[in-house]
Structure formats: structure tokens, C-alpha cells
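Enquirer: Here's a structure for you.
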Amino acid sequence: LTGVLDDCLCDIESIDDFNTFKIFPKIQKLQERDYFRYYKVNLKRPCPFWADDGHCSIKDCHVEPCPESKIPVGIKAGSSNKYSKAANNSKELEDCEQANKLGAVNSTLSNQSKEAFIDWARYDDSQDHFCELDDERSPDAQYVDLLLNPERYTGYKGPSAWRVWNSIYEENCFKPRSVYRPLNPLAPSRGGDDGESFYTWLEGLCLEKRVFYKLISGLHASINMHLCANYLLEETWGKPRWGPNVKEFTRRFDPVETKGEGPRRLKNLYFLYLIELRALSKVAPYFERSVVDLYTGNGHEDAESKALLLDIFRDTKSFHMHFDEKSMFAGDKKGAKSLKEEFRLHFKNISRIMDCVGCDKCRLWGKLQTQGLGTALKILFSEKEIQSLPENSPSKGFQLTRQEIVALVNAFGRLSTSIKELQNFKVLLQQTR
């Protein structure tokens with residue numbers, strides 16, 4: 001992959017250098033901090049669009065929650081618990097007995113983490129929220145430690161997985177039924193078309209709808225990259241060995257094997273990276289205010305986390321080839337407003353489809369990355385509100401919940417990792433030739 005990306009004046013080589021030397025090391029470090037490693041998610045919401053036929057193709061793909069007896073009384077009662085200094089210094093995890101295998105979500109949390117969440121929630125409640133996330137207060141919502149549940153290959157594939165992506169593309173990307181995506185196994189045989197009719201249709205779309213498709217395609221490519229880079233290579237004596245699978249990467253992205261589709265998918269990954277990078281640079285003023293803390297109860301760690309986040313924001317602002325979102329929804333006011341609402345509803349629908357993913361670990365990361373992208377779009381469409389934020393008080397004009405902040409940073413961290421992994425695969429491919 002080389003050269004300039006479509007629909008923006010940015011070249012791939014500049015993104016590679018910027019990501020490798022500036023962003024990737026810092027975003028990795030940030031994701032390891034307590035504020036960003038715990039994500040609250042409801043993995044039990046039923047699929048709203050079809051009967052739940054999704055089953056992971058391997059055993060132990062379900063979540064084993066902590067037994068009732070292991071959960072502190074304070075959490076069950078919802079009463080106040082102070083986040084003590086002793087708890088801050090103690091890093092020992094009280095492990096729950098649970099499945100911790102290939103696709104299982106590890107829901108082990110230490111007691112001090114559980115106590116901290118009560119304080120975090122109270123802190124969040126004291127802010128003026130921009131919107132209420134329906135999952136937060138559900139009895140089925142649970143905190144997950146993202147570091148204990150890395151995104152990787154789980155064996156989830158076949159009709160159930162295909163149905164999810166097919167529903168996303170066919171029903172939510174502004175596409176008529178008569179136009180088939182390249183490499184779509186459901187498409188009728190069309191001889192030597194190789195998807196050219198699809199791209200002719202795509203180029204004929206307005207910028208906003210074309211961008212929407214590229215965002216979804218880029219997200220799909222990024223998720224596939226994670227699975228290729230963190231693949232189950234072998235399992236001996238019950239100990240799995242994870243690593244890059246060059247054969248799987250080639251199958252999904254090689255120009256010859258994918259009839260030219262692979263490189264287009266990877267370009268969309270870069271495009272998505274630019275969109276979320278732009279959102280980070282735009283939201284910086286929100287976090288630069290003294291009233292905004294990355295609150296965990298540990299003042300020293302909170303200050304360090306915020307300093308690292310602001311350092312990343314400075315880097316995002318220094319990148320000189322941002323995507324210019326001002327070119328979107330720039331037509332007549334009535335038409336632009338209608339198109340923006342259509343854009344929002346399509347994306348909201350995609351986030352609901354994530355509840356149809358049959359593998360819990362895939363569902364966890366699908367929901368997180370979708371929410372992260374949704375938060376990025378919310379930021380890009382709220383520039384005026386962000387610029388007019390008061391310095392010393394919460395604002396009703398624009399607000400981010402902790403959930404949105406955690407999703408935004410981790411979703412961008414996943415994209416940064418994807419681009420870094422692509423560099424690794426380039427080296428591996430050269431070595432195998």
C-alpha cells in the first residue's frame with residue numbers, strides 16, 4: 001500500500017510513520033491505565049433482528065461471571081465504599097473460578113477495582129451527561145477488564161458471523177439490493193465483473209454515504225487484522241500459543257487471492273484511522289479543562305493518565321494531513337440535516353446489530369469499537385458545542401460519559417494496533433518469499 005487515500009489528501013506512508021513513532025507507544029501505555037482498562041458492557045441483550053442462532057464454534061466461548069459469594073456486599077447493596085490508599089497499593093487479583101479459554105470473556109475483577117467502580121459511577125453521576133447510555137444501569141451489565149480479554153481469534157465464523165456482517169452492509173450502508181459487494185458469496189455469478197459495478201455505484205454516491213461505507217469497511221478490516229495477528233497457532237498440553245498467521249492474512253488481504261479487494265479494505269482501515277484521529281484532535285479542548293478528571297479515586301494515577309492523554313492530543317494536533325469533515329453535510333440546511341439524521345440512525349442500527357454476535361468476546365470488542373466510532377462521529381458533529389465549553393463547570397451542550405471516553409480511546413488503540421500489525425505482516429511476507 002502506497003500513495004494518497006481517496007476522499008482526503010493524506011498519504012499512507014505519513015500515517016505509518018506518525019502512528020509507529022508517535023501514537024502507538026503512547027496509546028498502548030494509556031490503555032493499560034485503570035481508567036481505560038475497565039469497560040462496562042451488557043453481553044446478554046437479545047438480538048433485536050432475528051432469533052439468536054449464533055453459537056461460538058469452540059467450547060467455553062461464554063462468560064463465566066463471578067459467583068454471588070465473591071462479590072463484595074457494598075456492590076450488591078449499592079452503598080458507598082471509600083477507595084482506600086491500601087486498595088490503591090494492592091495489586092493482587094482475587095480470582096474468580098471461571099472459564100478462561102479461547103473465546104471466553106475473563107470477568108475476574110479485584111475487590112479494590114469493584115469498590116473503585118462505585119466511586120467512578122458516583123463521580124459520573126455528578127456530571128451533566130450529554131446522553132444516558134441504556135446499558136449502564138442494567139442488572140446484566142458488568143465490568144470487564146480489557147487487558148484480561150484481548151481481542152483475538154476465537155473460532156467464531158460461518159453462517160452466524162456472516163449474517164451479522166451481511167446485515168450491516170446490505171441494510172445499513174445505503175446500498176440497493178441490486179448492487180452486490182465484491183466477494184459476496186450470496187451474489188449471483190457475474191463473470192468477470194470482480195466487483196467493478198459495486199465501485200462504480202460507490203463512486204456515484206454523495207461524499208457522506210461513501211464515507212459511511214468506508215468507515216464500516218475499515219472497521220471490518222481492522223477486526224480481521226486483529227484476528228490474523230493474534231491467531232491460535234497451536235495448543236500443546238492445554239497451553240495455547242498466539243501469534244501472527246501469515247496464511248490467514250494473505251487469504252483476507254492479498255490482492256491476487258481477493259481479486260484486488262484486500263488493498264481496498266486496508267485503505268479503508270487507514271481512512272477510519274484518520275476519522276478517529278481527527279475526532280481526538282477536535283475533542284482536546286473538552287479534556288484540557290481543569291474540571292475534567294479521569295477519575296478513579298487515585299489522585300496520582302488520575303493526574304498521570306490525564307497528562308498522557310493530553311500528550312496524545314498534542315500529537316494528534318501536530319499531524320498536518322487531517323480529514324476535513326467540514327466538507328460533509330455542507331449542502332442546503334434542510335437536506336444536510338435530513339442526511340445527518342439518516343447517517344446517525346444507520347449507525348445506531350449497526351450498534352444494535354452487535355447484540356447479534358454469537359461469541360461473547362467478539363461481541364465485547366464489536367460493541368466497544370462501534371461505540372468508539374459512534375463517539376468519534378458525535379465529536380465531529382459537535383465542534384461548535386466543544387468550542388463554547390465553559391472552563392470551570394460541566395456543560396449541558398456537550399458531555400462524554402466515562403463509557404464513551406473508554407470506548408473512544410480503546411477503539412482508536414485498536415486501529416493504531418492494526419496499522420502497526422500491518423507493518424509486521426509486511427516484514428513477515430518479505431521473509432517468506
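Keep in mind that glycine also has a Cβ here, set from the backbone N, Cα and C atoms.
All annotation found in TrEMBL is predicted automatically rather than curated by experts.
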Enquirer: According to TrEMBL, which candidate among C356, C362 shares a disulfide with C359?
Expert: C362
Enquirer: Could you state the CA-to-CA distance between C362 (disulfide bond) and H220 (FAD binding site) to the nearest Å?
Expert: 12
Enquirer: Would you mind checking how many other C-beta atoms are within 10 angstroms of the C-beta on R252 (FAD binding site)?
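Expert: Summing over all protein chains shown, R252 (FAD binding site) has 20 other Cβ atoms within 10 Å.
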Enquirer: Max Cα distance spanning R152, T154, W165, S217, H220, R252 (FAD binders), Å?
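Expert: Across R152, T154, W165, S217, H220, R252, the two farthest Cα atoms sit 21 Å apart.
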